[in-house]
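Visitor: Structure provided below as structure tokens; questions to follow.
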Amino acid sequence: MKYNPIQTYTWVPLTIQEEGENLINIVKAEGEFVTDSEGNTWIDSIASWWTMIFGHRHPALVAALKTQIEELDHIMLAGHIHPAAESLSKSLLELTNFDFHKVFYSDNGSNAVEIALKLAIQYYQNHPDLIPRSEFLVFSNSYHGDSIGAMNVSGKNYFNRIFSDLRFPTKEFPAPNCMNCPWGKVANSCSTECLDDLESEIKQKDYVGIVIEPLVFGANGMLFYDKKVLVKLRELATQTHTLLIFDEVFTGMGRLGEVFAYQKAETKPDLLVMAKGLTGGMLPLGATLVSEFIYKQFLSKDPYRAFFHAHTMTGNPLACSVGYASVKLLQETGLGQVKKLEETLQKRVEPFQKTLGKRIENVRVMGGIFAFEYKETIAEDEYLNPVGKQIREKMKEFRILLRPLGRTIYITPPYNIPEKSLDQIFLALEQTLLSFPESD
Ligand SMILES: Cc1ncc(COP(=O)(O)O)c(C=O)c1O
């Protein structure tokens with residue numbers, strides 16, 4: 001059965017209520033597939049918003065969940081600890097080779113970002129030798145979530161413009177974009193000119209932190225940029241005593257071909273935020289990884305220096321045990337699979353470009369991301385560009401679930417997606433796009 005959103009009891013997010021979109025009623029899932037209530041099977045080409053990196057209901061995650069539910073469902077984490085949280089925390093810190101010292105749990109990416117922001121602000125409050133600060137440096141094409149704080153450090157756009165009066169102060173800079181460098185530079189000639197303005201700003205005024213999605217700005221256009229940018233930001237942050245915060249909600253857990261983007265970029269942040277892939281797409285979970293030097297400023301008997309932040313379901317044992325199983329899978333097979341997926345996607349770039357010619361531009365691959373732009377003559381950019389929805393609707397005819405970001409089309413399949421399903425996705429993309437006009 002297909003539902004119109006205004007006929008459902010549920011308020012479906014990111015849906016224009018009166019537009020009359022048909023909602024697909026999903027009742028089952030396995031691997032890269034989901035099945036609707038009419039028995040049709042679909043390929044979930046974006047891994048349910050980038051979460052189910054090993055496919056839906058992976059047996060190892062299901063087994064972890066079943067084992068855990070037989071033991072302990074939930075216990076509030078204040079005043080308690082449990083083996084599932086401890087196992088996951090230890091494994092996450094091991095994944096970072098102990099670049100970080102503590103793991104603070106929450107239940108989604110936005111909250112994990114909020115926690116990083118609050119920890120950063122309080123770090124300066126607690127530090128006996130540093131002057132408190134309250135402003136963050138942020139980037140135009142960034143997306144860090146929909147809660148007020150996470151929205152505040154995201155780029156200003158149509159998503160959050162209505163709430164601009166609620167903004168705490170941030171200083172926004174154009175997002176680095178190595179696909180179409182505004183300075184006309186390429187890798188060899190680049191001296192991170194895109195950071196010149198930020199450099200002069202950060203040297204004049206005290207900021208709490210720089211908040212950035214490392215190597216890829218995801219939700220705002222799958223923009224790729226070079227690790228040079230992160231190296232330079234690290235240098236500036238260290239020089240000026242500013243904290244560097246990497247939001248790895250999307251890029252973490254292998255999506256870019258390494259466990260973390262910061263490892264790929266060989267640039268360590270002071271706080272690291274993760275969610276999405278960590279959940280394996282099964283239960284809500286977020287984590288904020290904290291460097292030792294930050295944690296030390298909270299080591300005090302003084303209650304005013306303690307970090308007062310908790311969510312009711314923080315560190316839920318079921319979510320943690322699924323998270324732990326995800327980490328183990330990533331280590332055992334996942335990372336190899338995503339590297340292989342990257343090679344496969346790379347091989348598809350040339351024939352794809354050849355078939356679609358001038359209809360598309362900026363075809364790009366990093367790890368398990370394949371993205372490109374539909375070349376549009378209408379200058380309406382961003383998410384609201386209607387072409388994204390038209391392409392999404394057309395893809396439904398091929399039973400492929402896709403969520404373009406305006407004219408940016410991408411797939412982020414599970415790392416273990418079989419070639420056969422990739423073939424289906426690419427065939428559908430080609431046939432869909434061939435039915436759209438070619439630009440001059
Ligand atoms: C980089 C990044 N940070 C934070 C978030 C917010 O995560 P959540 O939707 O789990 O709150 C997202 C969601 O897409 C994201 O891509």
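Glycine too: its Cβ is placed from the backbone N, Cα and C atoms.
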Visitor: Among ASP36, ASP44, ASP165, ASP247, which residue shares the pyridoxal 5'-phosphate site with GLY109, SER110, HIS311, THR312 according to TrEMBL?
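Guide: When TrEMBL describes the pyridoxal 5'-phosphate site, the candidate it includes is ASP247.
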Visitor: Whole-number Å only: compute the distance from the Cα of GLY109 (pyridoxal 5'-phosphate binding site) to the Cα of ARG403 (substrate binding site).
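Guide: GLY109 (pyridoxal 5'-phosphate binding site) to ARG403 (substrate binding site), Cα-Cα distance: 19 Å.
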Visitor: Let me spell it out: for each of the binding-site residues (GLY109, SER110, TYR143, LYS276, THR312), count the other Cβ atoms within 10 Å of that residue's Cβ, using every protein chain shown. Which one has the most?
Guide: GLY109
Visitor: Consider only the binding-site residues ASP247, HIS311, THR312, ARG403: which of them have a Cβ under 6 Å from an atom of ligand 1? Write none if no residue does.
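Guide: Among the binding-site residues listed, those whose Cβ sits under 6 Å from ligand 1 are ASP247.
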Visitor: Considering only the binding-site residues TRP49, TYR143, LYS276, ARG403, which fall within 10 Å of ASP247 (pyridoxal 5'-phosphate binding site) when distances are taken between Cα atoms?
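Guide: Of everything listed, what lies within 10 Å of ASP247 (pyridoxal 5'-phosphate binding site) (Cα to Cα) is TYR143.
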